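TrEMBL annotations:
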- 6-27: transmembrane segment (TRANSMEM)
- 39-55: transmembrane segment (TRANSMEM)
- 67-85: transmembrane segment (TRANSMEM)
- 94-112: transmembrane segment (TRANSMEM)
- 118-137: transmembrane segment (TRANSMEM)
- 157-177: transmembrane segment (TRANSMEM)
- 189-211: transmembrane segment (TRANSMEM)
Amino acid sequence: MTDFQNILQGSLIWVEGLAAIISIIYYNRGNTDTYWKYFSFYLILMFLCEVIGKWGHLLIEYNKPKFFNYFVIPIEFLFFYWLYAAKSLARPKLFYTLSLLYLLSFLPSEIFFTTKKIIFSFNYTFGCLMLMVLVIMEYYKQINSSEILNFSRNKMFYINLGVTLFYIGTLPFWTFFSLLAKYKELWDMYFNYFLISGITMYLLFSISFVWGKRSS
């Protein structure tokens, strides 16, 4: 990696930590009786997972790709399916359907694709495409809401924007990861975007606690 990428990668983990800390600070400010408390738990868990991913090998021997492919990334997708479909859009059946489809996508990954990858491209792409549908539905809901003029106080506005920039924006990078790796300049450009959008997403998550209010 370049020096710039090392700086970005180091910054990303601490921005994740910042988001987790801010979520704890604002935990008792109107969130304890709502599903938003689980967003705090999620941010804390993701930060701890990133800490393990960066320094865990110093304490225990473990398979980092498997840790992220079979634990961290599935939690990310399942949590956002729940937050979007079951809670924000109030469609729990959609949450169960998308979750089942995502988990089933591991079967072709195991059977037809190599599992010796940093990230499983097939089910990550499939998971992102389903998340993209939820993102579009959330934008549609916000645009047609009577509270559209108060979007800056809507937690989901910041979360949706962050998810769009990171998960949807980096979809081509992970889908064509092996192909892009053959073209260093293009790969570096996408990897820079991956790191910058990750930092931006967690900053937006932090802002959602400070400026956003519970969506009705």
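Quick reminder: no glycine exception, Cβ is built from N, Cα and C everywhere.
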Spatial neighbours of the transmembrane segment (6-27) far in sequence, C-beta under 8 Å, 6+ residues away: 37, 39-40, 43-44, 46-47, 50-51, 54, 192, 195-196, 198-199, 202-203, 205-206, 209-210
Residues of the parent chain within Cβ reach of the transmembrane segment (157-177), under 8 Å, 6 or more residues beyond its termini: 80, 83, 117-119, 121, 124-125, 128-129, 131-132, 135, 138-139, 142, 151, 190-191, 193-194, 197-198, 200-205, 207-208, 211-212
Non-local residues, at least 6 beyond the ends, that sit with Cβ under 8 Å of the transmembrane segment (118-137): 65, 68-69, 73, 77, 80-81, 84-85, 89, 98, 101-102, 105-106, 108-109, 112, 160, 163-164, 167-168, 171, 174-178
